[in-house]
Ligand SMILES: NC(=O)c1ccc[n+]([C@@H]2O[C@H](COP(=O)([O-])OP(=O)(O)OC[C@H]3O[C@@H](n4cnc5c(N)ncnc54)[C@H](O)[C@@H]3O)[C@@H](O)[C@H]2O)c1
Ligand SMILES: O=C(O)C[C@H](O)C(=O)O
Ligand SMILES: [Mg+2]
């Protein structure tokens, strides 16, 4: 039964012709050989190449494995089924135990497989993405980061610390892979809504890159999670004797930037064609590093730019859900709670879209946006306003400075209430009930903060208090809600996972050396137009996570084509810039799909 699922997927993979271009070790429908430079037990201990009991006799001979494994050869299918059986029995055995205990137990069993056999790991992940994404990604990854020093068994990714200053250019060559395509880097300063977790934040780049492999088909041998440990201001961690990071306060100012500069130079010196995703940096450094590097290196900030695109797609979806033409977006009143890296990124991008659609200035387009931070509504009366916030500051004569969320909702009667505050439950009953008076026939509530406990409200509360006619999105997954009127209240996972894999993949395969606004906008537009009118009418704004590979290929193609329009493609492998610019939309999707890695055992060939 489980395996039938896989067989179906394999056929799709074969039909999509995953031939893998010129990359080494790309598993294919008819697998090409994979060159290894190891033999014997070194192979068994290398999760990139290990097949456990699946090594055929010929390979056992060729690679010096005879006698190191039990004699019986177990097929990939049997290994897969055995893993799923163990997972399901773990689920049964932990029934009734606290959620955290169950989540960590599930994470452990997946993590052990990840550490042992990546081919099998990614296959079970891809085929069961709906069940497993919440474990290896949001929300469980948050719990893993909180407990990382205790959970640590084996290293994954690279760690650069403030103590490595001056050494990074040589350290980067310690990484065993010749080629790296995708790097996700964090300094651990704002992990989901959980604050500063220092070195323990490495779990986030690992989880994001798992999604790159599962959704974008990036070869797992070519991904690199990076932790830049510049200290932590988390006192609890500093006092924890088992804490694995530097025991010092965070570096600030030029000292901090010097560390990141050095890492970026080192990484791009060794892998000039890599794409770097910045993740979970506190707002000030998220904006500063984006500004500093985006014209110089091939990088983007997922929290600022990826989130903005996903939110914009959701906002456009809510207009369609109201049965109104997209042009009506310019009239939507939108209250954004949280003015940090994500909230500000979303508000700015949405206002830019309004300006473009209505043919008005950015300043005029900000009229219908209301920004609330920890001190309440932002108005011009606020002292020391961040320059990025200034265009959104309201006239205090309209609504008072520092007005609470409920005051703003009651006064403005917004079409959309969107949370990126990191504060769980902040859309309380009173706030949600106030949304019943919204000027929209289908008010939208986006509780986008992660992980689950940090969501501004739950799905059930949103439908209960704000009304059964709402459209709902959340950053972490919630179950759909059974409504009293007999309908289903659909939960959309408004999470940047719908965009970052496609942004990275499209950029990589275009060979562009920077990520432009045009590429990011194309990604958002692609996601926005992915759903049918019928789905959107039901309140379904984003695809099912089961379709994440397909949407990622589409987003990747849109990004690549935007890079062609911006005239910045340099090509990838044997495919040159002229080839890329002559591809039709369908050919581009096909090119992207053919370059997506898919996990099956490739024959291993030893080379000294
Ligand atoms: N769903 C997604 O794809 C996605 C993407 C990025 C970030 N996020 C989530 O968004 C949250 C915020 O991320 P960020 O990077 O913007 O963080 P941040 O620290 O940069 O910003 C948080 C903002 O919330 C405001 N805030 C804090 N307490 C508040 C309160 N009581 N009332 C109103 N506003 C308050 C702060 O003033 C600040 O402006 C996190 O939980 C993160 O997980 C979700
Ligand atoms: O990691 C996620 O799930 C989304 C986002 O990048 C976040 O920081 O919350
Ligand atoms: Mg993030």
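For all residues, glycine too, the Cβ spot is worked out from N, Cα and C.
Quantities reported herein were computed from a predicted structural model and do not represent experimental measurements.
Feature list (source: TrEMBL):
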{"type": "DOMAIN", "residues": "114-294", "note": "domain 'Malic enzyme N-terminal'"}
{"type": "ACT_SITE", "residues": "137", "note": "active site, proton donor"}
{"type": "BINDING", "residues": "190, 450, 495", "note": "(S)-malate binding site"}
{"type": "ACT_SITE", "residues": "208", "note": "active site, proton acceptor"}
{"type": "BINDING", "residues": "279, 280, 303", "note": "divalent metal cation binding site"}
{"type": "DOMAIN", "residues": "304-564", "note": "domain 'Malic enzyme NAD-binding'"}
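Structural mapping of features recorded in TrEMBL.
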{"residue": "137", "record": "active site, proton donor", "DSSP (3 states)": "coil"}
{"residue": "190", "record": "(S)-malate binding site", "DSSP (3 states)": "coil"}
{"residue": "208", "record": "active site, proton acceptor", "DSSP (3 states)": "helix"}
{"residue": "279", "record": "divalent metal cation binding site", "DSSP (3 states)": "coil"}
{"residue": "303", "record": "divalent metal cation binding site", "DSSP (3 states)": "helix"}
{"residue": "450", "record": "(S)-malate binding site", "DSSP (3 states)": "coil"}
{"residue": "495", "record": "(S)-malate binding site", "DSSP (3 states)": "coil"}
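Annotated pair residue 450 ((S)-malate binding site) and residue 208 (active site, proton acceptor), C-alpha to C-alpha distance, rounded: 14 Å. Here residue 137 (active site, proton donor) is positioned 7 angstrom away from the residue listed as 'active site, proton acceptor', judged by their C-alpha atoms. Under 6 Å, Cβ to nearest atom of ligand 2: this is the test, and of the binding-site residues 190, 280, 303, 450, 495 it is passed by 280, 303, 450, 495. Only 190, from the recorded positions 137, 190, 495, place their Cα within 10 Å of the Cα belonging to residue 280 (divalent metal cation binding site).
In terms of Cα spacing, the recorded positions 137, 190, 495 that come within 10 Å of residue 279 (divalent metal cation binding site) are 190. With a cut-off of under 6 Å between the Cβ and any atom of ligand 1, the recorded positions 137, 280, 303 reduce to 303. Between the recorded positions 190, 208, 208 has the most other Cβ atoms inside 10 Å of its own Cβ, all protein chains included. When pLDDT values are averaged over the domain 'Malic enzyme NAD-binding' (304-564), the model yields 97.
With respect to ligand 3, the binding-site residues 190, 279, 303, 450 contribute 279, 303 as residues with a C-beta closer than 6 angstroms to one of its atoms, given in sequence order. All protein chains included, residue 450 ((S)-malate binding site) registers 25 other Cβ atoms within 10 Å of its own Cβ. Calculated from their C-alpha atoms, the gap between residue 303 (divalent metal cation binding site) and residue 495 ((S)-malate binding site) amounts to 10 Å. As a whole number, the greatest separation of Cα atoms within the (S)-malate-binding residue list 190, 450, 495 is 16 Å. Every protein chain considered, the tally of other Cβ atoms within 10 Å of the Cβ of the residue listed as 'active site, proton donor' stands at 27.
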